[in-house]
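J.: This structure is in structure tokens; I'll ask about it shortly.
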Amino acid sequence: MQRAAHVASCSWPQIVKPAMIRHSLKCRAPLQHSSRAYSVVPPPRDDDERDAVHRMLRVDHAGEYGANRIYAGQMAVLGRSRTGPLIQQMWDQEKKHLAKFNEILAENRVRPTALLPFWNIAGFVLGASSALLGKEGAMACTVAVEESISEHYNSQIRALMENDPERYFELLQVIKEFRDDEMDHHDTGLEHEAESAPGYWLLKNVIQLGCKAAIYASQRV
Ligand SMILES: [Fe+2]
Ligand SMILES: [Fe+2]
């Protein structure tokens, strides 16, 4: 039906030039989805769905916010070192992730977690203190955090796929793209000697425990 409407809207020879028709045919698949009345999240069907989706978006936003603060803390310590540009590169991607979730939250009137002021400080302190252990410490922190965030995104992807993949197509695209970025950050950490950090396994487990607690709290508060 959507495709029929789209094709009909593209068959005005007096307005649409052949080159434009060729271009629109090339773009036909994405246009099926972009013709929806919302950009990423469909309007909820009932209160339960709204609450579940809001919880999901709230925790994702909190995670991206926390990641930004961690990289800010690492840059405060290692910004002028040789590792600075690498951390900056990952931070720049986190800024894009956060901007997207800021946009999604505003568009869907989702309240951010009340814990943001706490994540602001905790994230920065975690980033800076891991960087004080040296480049390896910062990378160990990155591996721990990014692994937790990737797993979290994977569980959301599974839940949305089981629920209604067509309905949540756009949201799934966003989460999958961000999950891939987080996995790249994780791999970057490993490639830059994260495992050589002092007390790597302890550090990683403690940070991941903190991530689990942060995810639990940010969904609810
Ligand atoms: Fe991110
Ligand atoms: Fe990341």
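Glycine too: its Cβ is placed from the backbone N, Cα and C atoms.
Note: TrEMBL annotation is automatic and uncurated.
Annotated Fe cation 1 binding site per TrEMBL: GLU64, GLU94, HIS97, GLU182, in sequence order. For GLU94, GLU146, GLU182, HIS185, the entry in TrEMBL reads Fe cation 2 binding site.
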J.: Report, as a single number, how many Cβ atoms besides its own are within 10 Å of the Cβ of GLU182 (Fe cation 1 binding site).
T.: 28
J.: In Å, rounded, how far does the Cα of GLU64 (Fe cation 1 binding site) sit from the Cα of GLU146 (Fe cation 2 binding site)?
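T.: With the alpha carbons as reference points, the distance is 10 Å.
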J.: Given the Fe cation 2 site residues GLU94, GLU146, GLU182, HIS185, which other residues of that chain have a Cβ within 8 Å of the mean position of their Cβ atoms, reported in sequence order?
T.: ALA67, MET90, GLN93, THR142, VAL145, ILE149, SER150, ASP181, MET183, ASP184, HIS186
J.: Other than its own, how many Cβ atoms are within 10 Å of the Cβ belonging to GLU94 (Fe cation 1 binding site)?
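T.: Other Cβ atoms within 10 Å of GLU94 (Fe cation 1 binding site): 24.
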J.: What are the other residues, in sequence order, whose C-beta lies within 8 angstroms of the center of the C-beta atoms of GLU64, GLU94, HIS97, GLU182 at the Fe cation 1 site?
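T.: Filtered neighbour residues, in order: GLY63, ALA67, ASN68, GLN93, LYS96, LEU98, ILE149, PHE178, ASP181.
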J.: Anything from the binding-site residues HIS97, GLU146, HIS185 with its Cβ under 6 A from ligand 2? List those in sequence order.
T.: GLU146, HIS185
J.: Of GLU64, HIS97, GLU146, the binding-site residues listed, which put a C-beta under 6 Å from ligand 1? Please answer none if none do.
T.: GLU64, HIS97
J.: Name the secondary structure element type, per DSSP in three states, that contains GLU94 (Fe cation 1 binding site).
T.: helix
J.: Listing them in sequence order, which of the binding-site residues GLU94, HIS97, GLU182 have their Cα within 10 Å of that of GLU146 (Fe cation 2 binding site)?
T.: GLU182
J.: Which residues in the same chain, at least 6 apart in sequence, have a Cβ under 8 Å from the Cβ of HIS185 (Fe cation 2 binding site)?
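T.: Looking at Cβ-Cβ distances below 8 Å from HIS185 (Fe cation 2 binding site), excluding near sequence neighbours, one finds MET90, GLN93, THR142, GLU146.
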J.: What is the total of other Cβ atoms whose distance to the Cβ of GLU146 (Fe cation 2 binding site) is within 10 Å?
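T.: There are 24 such Cβ atoms around GLU146 (Fe cation 2 binding site).
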J.: Please work out the number of neighbouring Cβ atoms within 10 Å of the Cβ of HIS97 (Fe cation 1 binding site), leaving out its own Cβ.
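T.: So the number of other Cβ atoms within 10 Å of HIS97 (Fe cation 1 binding site) is 22.
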